[in-house]
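Following: one structure in structure tokens, then a few remarks.
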Amino acid sequence: MKAFEVNFDGLVGPTHNYSGLSYGNVASETNIRDVSNPKEAAKQGLRKMKALHDMGFKQGVLLPQERPDIATLRRLGFTGSDREVLLQAAHQAPVFLGAVASASCMWTANAATVSPSADTTDGRVHFTAANLNAKFHRSIEHPTTTRILQGIFNNDQYFAHHKALPPTSQFGDEGAANHTRFCKNYEDKGVELFVYGRVAFDENAPRPMKYPARQTLEACQAVARLHGLADSSVVYAQQNPAVIDQGVFHNDVIAVGNRNVLFYHEQAFLNTSQMLTELEGKLQGCLLKAVKVSDSEVSVADAVSSYLFNSQLLSLNDDDMMLVVPHECRDNPNVKAYLDDLVTRGGPIKRVEVFDLKQSMKNGGGPACLRLRVALTEAELAAVHPHVMMSDGLFDTLNAWVDKHYRDRISQQDLADPQLLTECRTALDELTQLLQLGSLYPFQLA
């Protein structure tokens, strides 16, 4: 049965702000305390979703989460009414408030790791929500992420859902941002590449010195076991610790793959030749096409500032692919020159599409961060909750919803405004009704 890649983009939440919470993420640290525009952020994401839908790609939407997360503040000892909890946190621990108000769940590449049915032993699509244990503000996401995924992929015949791995650094899991699947066609059995930054239980193994490695080998292996992946369908590769120390906090900041194409920077991996040999040996029915970008063409610094590799690599047809990049790639002369040359070389990447995602980019999230890829057969796609699939009508509905509920400016001081909490809950309550998903959020389940 024919299968498709479906991209589920995160809808930016009403509290989108720049709290600078992500050490190791250069953009996040650079833009700390800037004033954000949640309305424009959401609309930028929606415009990308709609444009790709209009090009014929299958596109879905994943919901934002309840923020500020009052339940987490209560777990940290703040008491009283929701308003009192919010004001106590703002006064006593503003950094906590910034964390629980983060809209970071927009980057759905970190929501989960997904293995399609062609790869798994039970023939179902498997989802494991990422524990995101490396960052407090992201570690609180996975319970709601799991509920959202279960609500959208709600058919046990086709879909299997796993809880996040144990919330310890030894099993730090960042989801699909460190995972790429290679195959001939989406319905064919593929090879899943898991990329890790360190080996948790081997202190002598290579690891970065400046910035933390968020993903462990042990987490990758655990997810592969949960999904029932055969050893012949899995490759584990270590990300180069030196590029992590240059701000490459996820592999999708330095490499991207689709079907039988890997687009990567020459410094992306620790043992590149060994990894490519293993991938080529395990990939069935087609040849791996590795498109290497040398340091002389694009430096790691330029790759990080432009997010060249945090792009979407999409199939136009059986042979040709399109790269979806942020506008920052056109603003960087070296990257622009490289892309202009790339599409004329005769390789698999024939086209480049540029999108303005500046609101997300200032927090360190490009096109690839904003989407979770799910390969689905026709029958599986038919079993997906239909009201989250992009259409002309859904685009108009969500734009009107954003116009109704979102602010066009949020500063750090605004996060302590009890009215913002009310606005967020009102918006999300209406959203679950619009998308016909029932109760998903803590305030709805209380």
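In case you wondered, yes, glycine gets a Cβ from its N, Cα and C as well.
According to Swiss-Prot, the feature substrate binding site maps to 19-28, Asn110, 137-138, Arg214, Asp252, Asn363, an assignment based on sequence analysis.
For Glu174 (active site), the same-chain residues that are 6 or more apart in sequence and have a Cβ closer than 8 Å to its Cβ are Asn110, Ala130, Leu132, Ala134, Arg214, Gln215, His250. Taken from Swiss-Prot, the feature active site covers Glu174 (among others), and the record attributes it to sequence analysis.
If you look up Swiss-Prot, you'll see His250 (among others) marked as active site, on the strength of sequence analysis. A coil conformation is recorded for His250 (active site) in the three-state DSSP classification, outside any helix or strand.
Annotation comment: Swiss-Prot describes Cys369 as active site, nucleophile, evidence class sequence analysis. Counted within 10 Å of its Cβ, the other Cβ atoms near Cys369 (active site, nucleophile) come to 27, all protein chains included.
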Most Cβ neighbours inside 10 Å, all chains, among the binding-site residues Ser19, Asn110: Asn110
Where Arg138 (substrate binding site) sits in the secondary structure, as DSSP reduces it to three classes: helix
Where Asn110 (substrate binding site) sits in the secondary structure, as DSSP reduces it to three classes: helix
Sequence-distant neighbours of Asp252 (substrate binding site) in its chain (C-beta under 8 A, six or more apart): Ala109, Ala176, Ala177, Asn178, Phe309, Asn310, Ala368, Cys369
